[in-house]
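What TrEMBL says about this one:
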type   : residues : note
REPEAT : 54-95    : repeat 'WD'
REPEAT : 185-226  : repeat 'WD'
REPEAT : 230-271  : repeat 'WD'
REPEAT : 488-520  : repeat 'WD'
REPEAT : 531-565  : repeat 'WD'
REPEAT : 575-610  : repeat 'WD'
Amino acid sequence: MSHELAETYACMPTTERGRGILISGDSKSNSILYTNSRSVVIMNLLNPLQVSVYGDHAYPVTVARFSPNGEWIASADVSGTVRIWGTRNDFVLKKEFRVLSGRIDDLQWSPDGLRIVACGDGKGKSLVRAFMWDSGTNVGEFDGHSRRVLSCAYKPTRPFRIVTCGEDFLVNFYEGPPFRFKSSHRDHSNFVNCVRYSPDGSKFISVSSDKKGIIFDGKSGEKIGELSSEGAHTGSIYAVSWSPDGKQLLTVSADKSAKVWDISEDNNGKVKKTLTSPGSGGVEDMLVGCLWLNDYLVTVSLGGTISIFLASDLDKAPTMFSGHMKNVSSLTILRSNPRVLLSSSYDGLIVKWIQGIGYSGKLQRKDNSQIKCLAAAEEEIVTSGFDNKIWRVSLHGDQCGDAEAIDIGNQPKDLSVALLSPEFALVSIDSGVVMLRGTKVVSTINLGFAVTASAVSPDGSEAIIGGQDGKLHIYSISGDTLVEETVLEKHRGAITAIHYSPDVSMFASGDANREVIVWDHASWEVKLKNMLYHTARVNSLAWSPDSRRISTGSLDTCVIIYEIDQPVSSRITIKGAHLGGVYGLTFTDEYTLVSSGEDAFIRVWRITPP
């Protein structure tokens with residue numbers, strides 16, 4: 001068997017309330033760059049399923065930019081490190097420098113691609129540095145800021161200049177190279193969030209949380225104009241981007257709108273169009289990032305929705321897509337239509353995906369509580385969170401109907417639904433299990449050992465419960481009680497996952513000590529053993545619909561697929577499937593496997609039969 005990556009559903013940029021994010025792009029390839037945790041994501045705007053990811057930073061990445069020729073990317077992280085790597089050939093690392101002693105918030109290449117300026121937070125005076133990208137040598141001294149520097153810009157034409165702005169309300173102007181402090185502007189009365197040069201270098205603009213945008217001469221640094229207060233933003237302006245011809249601007253704000261401005265000959269700006277995206281109007285619709293790339297106007301909301309407007313047709317509704325921003329811990333398919341996937345992350349987001357298309361919407365629930373486990377029956381999803389409640393939510397297309405909460409009085413550990421009679425659900429808690437029929441708790445059973453995982457058979461007649469001690473206890477379910485049938489002892493670590501095969505002839509179990517075992521259901525003998533190829537805890541298991549393949553996902557970032565009738569040596573290993581570990585797995589057909597993980601990505605793998 002062999003495998004290939006068929007589709008990637010990307011994570012969204014990491015956002016933070018009250019702060020802008022800086023996304024960037026490459027006009028030649030129509031690609032945008034953004035960051036989420038330790039990943040730098042390169043996405044093609046024409047086809048959001050065309051995504052590649054760089055995951056070699058040791059700390060969360062904050063900003064990334066293409067070099068002027070598009071051959072290199074410089075990315076920076078919260079430790080103050082900048083890495084410079086090639087956009088081709090497996091992202092070969094060219095250089096790595098420790099630039100600041102704290103987090104880097106923005107960086108910019110010089111137009112000749114020889115120098116980089118970076119700014120952010122640091123101890124002492126060093127909040128901005130410019131250096132040669134091949135040697136790391138400093139090119140100048142940047143005095144004049146006393147607090148975190150949020151943004152910097154490099155003048156794209158000679159004579160070269162650098163401008164910076166930050167939390168001390170200042171916009172500072174430097175001449176060089178080597179760069180020296182020239183002047184400082186105190187026109188803003190709040191954090192200055194973003195500063196950008198026009199493409200021809202004749203002017204630059206700063207935007208601030210005081211809702212103002214101020215335009216300066218690019219060569220002398222003098223103030224020459226500002227954005228009109230007529231029709232202006234009513235909230236903090238977080239980011240700004242120039243049109244390719246330098247005659248217009250795009251701004252985004254906490255007031256949940258984006259605005260396109262015409263910049264007149266006298267260097268003042270007036271609103272040409274206010275862009276709003278359809279949304280619930282909640283906090284998550286605040287806009288925190290933007291980019292004007294060729295004909296595309298890209299905005300990013302706090303809740304992680306990317307909207308793409310066309311500059312040539314501003315009245316046209318935007319193309320919108322979204323995804324997860326945090327670890328995707330559960331994946332499930334709708335059995336009525338296996339092409340439809342539901343995924344959930346612990347922050348309470350449930351996203352619907354359609355294979356071949358990608359993002360298809362967020363499920364709007366009336367109660368956005370956190371989610372630990374997610375199961376789907378025919379027209380219903382069952383979730384458990386951290387609030388001692390199990391939720392049953394009916395599904396109507398993209399919308400969730402009424403939700404009913406069942407308080408089980410304990411923190412749920414694991415949740416499984418009997419697929420043939422979905423009103424029956426088994427929830428494991430620390431000391432035992434809770435049985436639900438519909439929205440009623442029919443019994444809470446103390447089992448006398450520490451429970452870590454559980455599974456119920458599709459017809460609801462049997463339960464397998466795994467313990468901290470690595471033992472599997474098999475119970476038959478009669479009425480609302482459990483009758484112990486046998487105890488299986490083979491695992492050497494706490495049980496982390498249990499799954500019946502679709503034909504119920506087998507079941508599989510995985511443990512925290514990296515081992516997976518497939519058992520024969522009739523005889524309770526081991527059917528497939530020595531499945532010891534992970535190097536860390538097994539988080540998830542999935543069976544193919546014909547019960548002939550089993551796949552395992554682990555904290556070690558790998559997915560392994562075994563053929564049940566073949567020796568374990570013929571397995572397929574997908575290395576580095578998800579940065580930080582694999583948490584969700586499901587097969588959508590005999591040879592298509594979907595995985596999700598800590599990196600907030602979802603990937604669809606095609607397996608080629610031997």
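Glycine is treated like the rest: Cβ placed from N, Cα and C.
Note that TrEMBL annotation is computational and uncurated.
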Count the Cβ pairs between the repeat 'WD' (488-520) and the repeat 'WD' (185-226) that lie under 8 angstroms and are 6 or more residues apart in sequence, then report whether there are at least 3. no
Tertiary contacts of the repeat 'WD' (575-610), defined by C-beta under 8 angstroms and 6+ residue spacing from its ends, are 1-12, 36-39, 53, 55, 323-333, 338-339, 341, 343, 345, 353, 355, 536, 539-546, 548-549, 551-559, 561, 563
Whole-number mean pLDDT, the repeat 'WD' (488-520), equals 97
DSSP residue counts for the repeat 'WD' (488-520), split into helix, strand and coil: 0 helix, 19 strand, 14 coil
Tertiary contacts of the repeat 'WD' (185-226) (same chain, 6+ residues out, Cβ under 8 Å): 19-20, 22, 150-157, 159, 161, 163-167, 169-173, 232-242, 244-246, 249, 251, 253, 261, 263, 266-269
Using DSSP, how many residues of the repeat 'WD' (575-610) fall into helix, strand and coil, respectively? 0 helix, 21 strand, 15 coil
